[in-house]
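Going by TrEMBL, these are the annotated features:
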type	residues	note
TRANSMEM	37-59	transmembrane segment
DOMAIN	43-462	domain 'Major facilitator superfamily (MFS) profile'
TRANSMEM	79-101	transmembrane segment
TRANSMEM	113-133	transmembrane segment
TRANSMEM	139-158	transmembrane segment
TRANSMEM	165-185	transmembrane segment
TRANSMEM	191-212	transmembrane segment
TRANSMEM	275-294	transmembrane segment
TRANSMEM	314-331	transmembrane segment
TRANSMEM	338-360	transmembrane segment
TRANSMEM	372-396	transmembrane segment
TRANSMEM	408-431	transmembrane segment
TRANSMEM	437-458	transmembrane segment
Amino acid sequence: MKMADSQDIEKGSSGSLYQPFFHKDEKQQNSHDNGNLFMVILCTFVAVMGSFEFGSSIGYSSPTQQGIMEELGMSSEEYSMFGSVLTIGAMAGSISCGRAADVIGRKGTMKMSSIISIAGWLIIYLSLGPLSLDVGRFLTGYGIGVNSYVVPVFIAEITPTHLRGALLTVHQVAIATGLLVAYAVGAFVSWRTLALTGMIPCAVMILGLYFIPDSPRWLAMVGCQAEFNAALQKLRGDTADVSREEAEIKDSLVTLQHLPKATVLDLFLKRNLRLLIIGVGLMVFQQFSGYNGVVFYANQIFTSAGVPPNVGSILYACLQIIVLSLGAVIIDKAGRRPLLMISASGMLLGSLLTAASFCLKEHELASDMGPMFTIIGIMIYMGSYCLGLGGIPWIVMSEIFPLHIKGIAGSLVTLVSWGGSWVVSFTFSFLMDWNSYGTFSMFAIFCVVATVFIWKLVPETKGRTLEEIQASME
């Protein structure tokens, strides 16, 4: 292959970043992929302990509210701050996650986030007042903000092409499982004991990181050639032929090394702008379609509609796991785009049904039908979200950005996601007080726009290596 000089790269000629380096046939690809699935699965299991911690942290504030407020004498406003500071911490984590992952590696960053989260849980466990609770909550938020970026990036970089979508979906399954476990365990133990259980996935991750290799792509990027070869061979199996995959990764890095060190401004260059629009756009629609507001205030929604909140919470937590597991099975066959389109369309239907239920209730029409519409609408909405917009934006984010801008772009995309989550969570109760059916009608409009955005701009990435995806995005 002809090495591209700096002029070639600048002009986008034959050696450009966006042109494919290899065209591999499926048989060659699968011969590499099937080498050593045990190590890939072990790596994924260790990484998604961070995802489980993510779900545990989000779910912690719901079952503990009464116990914390009574024991520490907190007001509703103080507890609302405790709940929302998690998102502020996650925003702080998202700012530093990309740089940390590039400097200390994917494994080092996951270890760092686990240590910070453990410190946060310990502070919560020992808290005697609102200030220490908020500090602990901020630290756990910082940890999950980092994990929300580094976990899917690590999984994408170590996983064979034909399993990448399925194993990346496990990230979302683990989040939903952590959420469900927090709800279930929190119903039987005190808030301090529940804080101690939050440290378990962090400890498992720290221990497991000693037994798995770091991302071969990151090792190659920082020039650790021997470690790169060993990690790739370990992931694919001792007898697997990794020469083709190894050459593809090296050739992509040869091109990237001719580019100047990436800055935030480089994200807005013509060759990167489409990638940025796709990554940021998917996160905007993921958040402003309203899901986090629905989750954080699920009990309030079900109560407002006359449905026992415990019943609703258990139903939607179980539904998430079922739908996400289904998504993991079909994503590498159906593809990313179709699932995103189905997801946005289903959320539109669920939003409209929920809006109709609140409209009927407000106008005292068909009062016996309102709760049923709410349950059906919320279940369709949440199920559809989990199938696509919940997890696939993180998958696409981990796939489309080249290594030299992945840290900066990933930080920005993650910050947009958490910033949107904070805005929706903060404003949701005010919007519901203003007009409950108007709120869900607004979410429905975002779902319509999201469908058009996905149809027009989002590429299909299934069945291609990361280098092929990034090379084809020009």
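Placement of Cβ uses the backbone N, Cα and C atoms for every residue, glycine included.
Automatic prediction, not curation, is the source of TrEMBL annotations.
Counting Cβ pairs closer than 8 Å to the transmembrane segment (139-158), the top stretch among 113-133, 191-212, 275-294, 338-360, 437-458 is 113-133. Contact between the transmembrane segment (191-212) and the transmembrane segment (79-101) is absent: fewer than three CB pairs lie under 8 Å, with pairs separated by 6 or more positions in sequence. Residues of the same chain lying 6 or more positions beyond the ends of the transmembrane segment (113-133) and with a Cβ under 8 Å from any Cβ of it are 49-50, 53, 57, 68, 72, 74, 78, 81-82, 93, 139-144, 146-147, 150, 192, 195-196, 198-199, 202-203, 205-206. Here the transmembrane segment (314-331) has Cβ contacts under 8 Å with residues 165-167, 169-170, 172-173, 176-177, 179-180, 183, 298, 339, 375, 378-379, 382-383, 386-388, 390-392, 395, 462 of the same chain, all six or more residues outside its ends.
Highest Cβ contact count with the transmembrane segment (275-294) among the listed stretches 37-59, 165-185, 372-396, 408-431 falls to 408-431 (criterion: pairs under 8 Å).
Note on the transmembrane segment (37-59): residues 86, 110, 113-114, 117, 140-141, 143-144, 147-148, 150-151, 154-155, 158-160, 163, 167, 170-183, 186, 197-198, 201-202, 204-205, 208-209, 211-213, 234-235, 237, 295 of its chain, located 6 or more positions outside it, place their CB under 8 angstroms from a CB of the stretch.
Cβ atoms under 8 Å from those of the transmembrane segment (372-396) belong to residues 148, 152, 156, 164-165, 168-169, 171-172, 176, 278-279, 282-283, 285-286, 289, 291, 294, 298, 301-302, 305-307, 312, 315-316, 319-320, 323-324, 326-327, 331, 336, 339-347, 349-358, 360, 417, 440, 450, 458, 461 of the same chain, restricted to positions at least 6 beyond its ends.
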